[in-house]
Amino acid sequence: MAAPKVAVVGAGVIGLSTALCVTETCPSCSVTVLSDQFSPKTTSDVAAGMLIPHTYPGTPIHVQKQWFKETFTYLFAISNSAEAAEAGIHLVSGWQVFKNTPKEELPFWSDVVLGFRSMSEAELQKFPQHRFGQAFTTLKCDCPPYLLWLEKRLKATGVQMYTRKVTDLWELHSEYNVVVNCMGIGAHQLVGDEKLFPVRGQVLKVHAPWVKNFIRDGDGLTYIYPGIHRVTLGGTREKDIWSLSPDHSTTQDIFDRCCSLEPSLQEAQEIQVKVGLRPSRRSVRLQREVLSQGGLKLQVVHNYGHGAGGFSVHRGTAKEAARLVGECIAALQGSSSRAKL
C-alpha cells in the first residue's frame with residue numbers, strides 16, 4: 001500500500017507528542033494533526049507542567065511507573081541540551097508536605113525523580129502546620145513554550161497541521177488510514193465516553209522571581225510551582241464542573257492558601273487567572289479499536305483521559321499509542337496483501 005496516512009485529532013501535549021512519536025516509530029507514514037484549538041488555547045496551556053505523577057486507580061502501578069520513567073528520561077535529556085530554554089524545561093527542587101504522615105511514605109515514583117528523601121526536622125520548621133514531608137528534584141515544563149517546541153519539531157519532520165473541528169471520527173475515513181483520538185475532554189462528545197468527566201482547575205500565574213523552590217501540599221490541592229518566567233499557584237479540583245469562567249472568590253482562596261505555605265507571595269505581582277478542564281477517568285484510555293459501518297472499517301487508536309497527570313506521563317503514553325498505530329498499519333498492510341492474493 002502507499003504511505004499510510006495517519007490523522008492525530010487534538011493538539012494539546014498528548015496529541016502533539018503522540019504525533020511526534022508516530023513520526024519517529026513509523027517514518028514512512030504521512031502524519032497530520034487536526035484540532036479546533038492550538039496553543040495558546042489548549043487545556044495543556046493552563047497546566048502547571050510539573051512532573052509529579054497523579055495516580056490512576058484503574059491502571060496497574062507498574063504501567064504508570066513505566067510511562068512516568070519514559071517521560072522523565074525524555075524531558076531530562078532535553079533539560080540537559082541547548083534546547084532547554086526554548087522548550088521551557090528545567091529542573092526544580094522543593095518539598096511535598098503533609099499534615100499527617102501518609103500511608104505510603106515512598107510513592108511509586110520516588111526512585112525516578114532525583115534525590116528523593118524525607119525532610120529533616122529543620123526543613124519542616126518552614127511549614128509549622130505540617131508534620132511530615134518529602135524533598136526531591138523533578139522537572140518542570142513551561143507549557144506554552146513546550147507546545148510550540150513540539151509544533152516546531154513536527155513541522156521539521158513534514159507533519160501537516162490544520163485547524164479543523166472533527167465532530168465524528170467517520171468523517172476522516174476517506175482521507176486517512178488510521179485516526180488517533182487525543183481529544184482530551186472533547187472525547188466525551190466525540191466518542192460518547194461516559195467514563196470521562198471534567199475536573200475543573202483554576203490556577204494563578206504570578207510574577208514572583210524570588211520563589212525558586214516548589215511547594216506542594218500532599219493533598220495535591222495547594223501548590224506553588226516556579227517556572228522560568230512565572231510561578232503557578234494552585235489550585236482547584238472541581239469534578240463535573242464545565243465552566244471556564246474564572247471565579248473571583250476561588251482566586252482569593254488559592255492566593256491565601258499559597259501565602260500560608262510561602263508568606264513572601266504576598267508581594268507577588270501581575271496575577272493572571274487561568275482555567276482548564278482536566279479530562280479525567282479512572283484510567284487513561286489507551287487502546288486500539290476497529291470501527292465498522294456499512295462494511296467499511298476504520299482503524300482508531302485512543303489516547304486520552306490523563307486528568308491531572310498528563311504532563312507527567314505524556315511521552316510514555318505517546319510511545320505506547322505510536323506502537324498501537326504500528327499495529328494498525330501492519331493489520332492494514334496484511335489485509336491489502338491478502339486482497340491481492
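FYI, residue positions are counted from 1 along the chain as it appears here.
Including glycine, each Cβ sits where the backbone N, Cα and C put it.
According to TrEMBL, the feature signal peptide maps to 1-19. Positions annotated as domain 'FAD dependent oxidoreductase' by TrEMBL: 5-324. Per TrEMBL, the feature FAD binding site maps to THR43, SER44, VAL166. Look at TrEMBL and you will find TYR223, ARG278 tagged as D-dopa binding site.
Cα separation, ARG278 (D-dopa binding site) to THR43 (FAD binding site), rounded: 7 Å. A Cα-Cα distance of 35 Å separates VAL166 (FAD binding site) from TYR223 (D-dopa binding site). Among the residues the record lists as binding FAD, namely THR43, SER44, VAL166, the two farthest apart have Cα atoms separated by 19 Å. Sequence-distant neighbours of THR43 (FAD binding site) (same chain, 6+ residues apart, CB-CB distance under 8 A): GLY12, GLY184, ILE185, GLY276, LEU277, ARG278, PRO279.
For the pair SER44 (FAD binding site) and TYR223 (D-dopa binding site), the Cα-Cα distance reads 17 Å. Taking Cβ-Cβ distances under 8 Å and a sequence gap of 6 or more within the same chain, the neighbours of TYR223 (D-dopa binding site) are ALA48, MET50, PHE214, ILE215, ARG216, ASP217, THR232, LEU233, GLY234, GLY235, CYS258. Its Cβ taken as reference, VAL166 (FAD binding site) is surrounded by 19 other Cβ atoms within 10 Å in the chains shown. Per-residue pLDDT, averaged over the domain 'FAD dependent oxidoreductase' (5-324), rounds to 96.
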